[in-house]
Each structure stands twice: as C-alpha cells, then as structure tokens.
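According to TrEMBL, the features are:
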DOMAIN    90-271  domain 'Malic enzyme N-terminal'
ACT_SITE  113  active site, proton donor
ACT_SITE  185  active site, proton acceptor
BINDING   256, 257, 280  divalent metal cation binding site
DOMAIN    281-543  domain 'Malic enzyme NAD-binding'
BINDING   424, 474  (S)-malate binding site
REGION    583-606  region 'Disordered'
Ligand SMILES: NC(=O)C1=CN([C@@H]2O[C@H](COP(=O)(O)OP(=O)(O)OC[C@H]3O[C@@H](n4cnc5c(N)ncnc54)[C@H](O)[C@@H]3O)[C@@H](O)[C@H]2O)C=CC1
Ligand SMILES: CC(=O)C(=O)O
Ligand SMILES: [Mg+2]
C-alpha cells in the first residue's frame, strides 16, 4: 500500500506534502532520481541515511543547485547537447530537473520538447544512456502483462503515454526511439499540470520500423524488422490496453504519434470504454479551436462566420476539423452535416470531394459534392480563390507550401487572415511567421506548431515599427490540463463536451482577447494557470455528464480550483523519513519506475 495507507486508493490525493518515507540508504539513495537531493541532503538526512563521506561538506539549497545546473546547461554547445544534459539530470535528481525547467521554462521548453526532442528521438540509439519506460515487443504479446507490471502496483500510476513510434512529431517512423515522445509528453504533464512524476508510465509498442535508416543502423536499439501490421498489431494494442486497465485501473491512457491508419481507429475503439485520449487528434483539435476562437474575436467574427481550409487531411488535420465542427454544432444547435459545410480539407490529391477514392470514414464527413467542383481547381490556390477562407491551417508536413502567391490570394479576400502553419518540427512549417506577416502587411493572425521568435515590422499605427509575438499552437498548451482534469475526477471516459470545455478554457486565457496585437494563445509563462483553468472546466463537464467517479469534488468554482492546485506536484524537496524495507511501500523502496532491481541504479550513468 502507498504511504498514505488508505484502504481506498481512489481517494488518495494526486500529490502529497510532508515527509517522504524512504527505505534506501547510501549510494543506492544517491543514485535514485526520485529521492536523490545531492548536495541538498540535510545534516539529519546525511546521518539517518548513511550519506556522510559520500557528499562534500557544504549543504546547499535547491536554488543554489539550480544556479549551478543552469551554468552547466548554458555551457553545452548546442540544443541536442542541452537536451542530453537535461535527460541525464532527470535520471539523477528529478526535483532538481523539474525545478530547473520550471525556473527557465521559456528558454528550455523547445529543448525538452519540439523541435529538439525530435532530434533526440532521431538520435535515440546514439544518445541512449539508460532506458526509461516500458518497451513492449510485438513478438512477446504473452509477456505484455508481466512486463507492464514491472512499473508499479494498482495505486501507483495515474497517467500513461503510449506510442508505437510510427508518426513522431512530423519526422515519421522512429521505431523504438518513440519512447522519448512518451517520456517528453509526461515531463510536460508534470511541469505544466503538476501530474506527479513518480506516478506516470511511458510506453512504446515496438512493432518494428519501416525506417530504412534505422533498419540499416548497426546501433539501432529496437526490433530490426519491418513493421508488423494487421491482426497481430491489433492484438498487441488490445493486450496492452487490457493489461494497463487491469494493472493500473486508475490510469488515464494518452495515445501519441500513432500512424495515420491507426491513430483514429484505436481512439474510436477504446474511447467509448475507457478514459483515453489521442493527443494528435483531440489535443491538436482543442488548441487549434482555441486559437481560432481568439482569432475570430480579433476579427470580430463568430464561429458561424468561419470558412476554414485545412491543408493536410491526416490525423491532426481531421482532428482539428472534427473539433471545430463539434464546437459549431454545440454553439448553434445545427446538424453535424451543416456544420461541416464550412470546412474544406485538402490532401495530396487536392480537395477532398466525393469523387476522391479511398477516403477514410472520418474524411468522408468533410468531402464536398464532386459535381460542385468539376470545373474548378482543387489545389490549395484554387480552393482559396473559390472558398475565400478566413482561416487556413497547415498539417501537411510540406514545408513552405503556403507560398507568397497563396497567402496574398487569401489576404486579398479577407481583411485579417488567420493562418496557422502547424507542421512540426520547425523546418516543416508550411510558412514562417516573418513571411506571413510580410506578405499580408502585418495583418495575418498567426500561430505556429513550434516556437518562433517575435517578428518586427512597420505594422503599428502610421507605419510605426512594432514587434509581433507569435503564439505556439501546440497540443502541449492543452493536453496537460485535460489529463489533470481527467485524472483528478477519475473520469470514466473523456467526452466531447469535456474537450470542448478544455478548448474554451484555453481560449478564455488567450492574450488576444484583451489586446488585438497580442498572441492568440497563452504562452509558457502561464502554463500552470492554463492547466488549472482547463482542468477545472474538464472536471465540471465530467461531473455534468456523469462520468466523474471521484467523490467529494467541490462544486463551487473557486473551491474547485483550489482543490486542483493543492494536488499539483511541485518541484520542492520533501524531508525524507527513514522506514525499514520490511513492509515499506514500493515507492519507499524505490521500486516504482525502476526496471530491474534498485541495486542496478547504484552505478552512475555511463
Ligand atoms: N502543432 C501541433 O500541436 C501538432 C502538429 N502536428 C504536426 O502536423 C503534421 C501532421 O501530423 P499528422 O496529422 O499526425 O500526420 P499524418 O501523416 O496523419 O497527416 C499528414 C497529412 O498530410 C498529407 N499530405 C502530405 N503531403 C501533402 C501534400 N503535398 N499536399 C497535401 N497534403 C499532403 C498526408 O497525405 C496526410 O494525410 C506533423 O508535422 C505534426 O508534427 C501534429 C499534431 C499536433
Ligand atoms: C505536437 C505533436 O503532438 C506532434 O507534432 O505530433
Ligand atoms: Mg504528437
């Protein structure tokens, strides 16, 4: 049982304060990232845990440690080296890692997440030092339950991120290196939403890879064979989901970066039955809807005025279309069919029409009547000239596809085009903000999938030079808060209304709502505030829909926000209290999150 010793684990708060029971001593303790405090172990702890002689004399504060680590971080030669440095720090001292990130989030966000995390994933087999997470092998389906059970006990896990590595962050098939997207998304749930870092589980389903470079790399760490698909793949996913539900019945399952043909299929299969979420479909849908709402606020239009073209009708593109359509349905009480009429999707073959073969069911909803388009151009420029959209979204992975001609055409039809090139990483963006602003005389309302620096130009009153800040429209703005809300309310499912409320929560905090020249979405400086707002709205919707199972959730808005904040994990050192191994919880014994024995951790990373 866990440290709180409650018989009913459902009522355990997510995060706890006060002394932390610990059964580890000496070098084993120093090498356990969850308990280690390095030079910040107190005099009493050094005595109680047998640390004298293992540490230099001076006892330091967490702030001093942050100062030293930041200096070390700053000396790293490039972003990938910085990313590797931070990974090592996480493996050594988790509180320090999260505190360092917390204090320098604006600077480090792009290093622990897109775009640098993409480089780390591409180089996984080269930068690998120590495994983190659970690796499930498609040829060992019979062992899935056992392998997953190595992580903890039923009360130990709140949040699982799972990927099969097929469509990572716009850089395609990365095989088992995909584990790092699960790890990175979980680090964001902790830093942005206070999900307890010792109660999360990153998973990769290793089904092989179709990436020839990896297959030919002698150092590649995953299964060296082409991807296994079909029935065996489905069996692996199903076995994973059943085992996860059985072993960790409280856990919310977040699917990340599955390939086009699996992402939505898997989501639709499990969504009606369990608390699960696909970030690329639903997270991207929510954050983009929020950016659109903020943009329409600036242009003094409403959702019913929306005319949206989406370039790239894959997982993210259709996810956005669905989310926006659902918002229109809810807002105006019109049919799904009518709401889809103002959304045009374009893929490799041009506009999706009823004349295009092999559309997926999800795409078909948005296909336009073939006869309406027989004599018209169905490429991006043709559609823009015909439809005169006020919103243009890029989820195509085709860099520079929003050309000057296309953007100028759009701007000739509407006063303030809302343009969101969302393809990650940075080099795949359909256009860069400086070009979009230049081509539209500063009128475009822009948000991007990866972070960009502010753009300066003569777009103020009377041609005055001003700096325009560009919001990052990335699912990272919203998925941590949705997860927090679902975990705290112990939601049985994640419903459409919960998602709509999440988008609303982000939109409410968009700086553009108060200042027309400000970014469309809130930035990383207010991530925790955003997560609290999103979680609150998600919980309220879950309660209204009867899917919240946690007892005693406050109903009053302020009280509910306090209840959420109280349970968010903070990067602070809790005093350690020695407990005998016998009868101690798995957490106290340091067994959670440790694959293999604790003793294996007693060596420094190589
Ligand atoms: N900013 C954010 O929060 C997010 C961004 N993304 C990014 O969006 C991009 C797409 O991701 P997914 O939807 O997961 O991939 P996907 O592979 O499911 O979709 C990409 C779609 O673009 C289409 N496409 C490719 N070339 C095209 C062309 N020349 N013209 C028109 N369409 C073309 C493909 O056929 C496919 O349907 C990636 O770069 C990803 O990193 C994805 C999720 C979240
Ligand atoms: C942001 C994200 O989830 C992606 O690019 O896949
Ligand atoms: Mg993704």
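For all residues, glycine too, the Cβ spot is worked out from N, Cα and C.
Positions of TrEMBL features highlighted on the structure.
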residue	record	contacts (Cβ under 8 Å, 6+ apart)
113	active site, proton donor	184, 188, 474, 476
185	active site, proton acceptor	161, 254, 256, 279, 476, 479
257	divalent metal cation binding site	163, 164, 165, 166, 167, 168, 169, 178, 181, 280
424	(S)-malate binding site	114, 115, 118, 169, 170, 449, 450, 474
Among 113, 256, 257, 280, 424, 474, the recorded positions whose C-beta sits under 6 Å from ligand 3: 256, 257, 280
Cβ-centroid neighbourhood (8 Å) of the divalent metal cation site, 256, 257, 280 excluded: 163, 167, 168, 169, 181, 255, 258, 263, 278, 279, 315
Residues among the recorded positions 113, 185, 256, 257, 474 that border ligand 1 - Cβ under 6 angstroms, in sequence order: 474
Annotated recorded positions 113, 185, 424, filtered by Cβ under 6 Å to ligand 2: 424
Fewest Cβ neighbours within 10 Å, where candidates are the binding-site residues 256, 280: 280
Neighbour count (Cβ, 10 Å) for residue 474 ((S)-malate binding site): 24
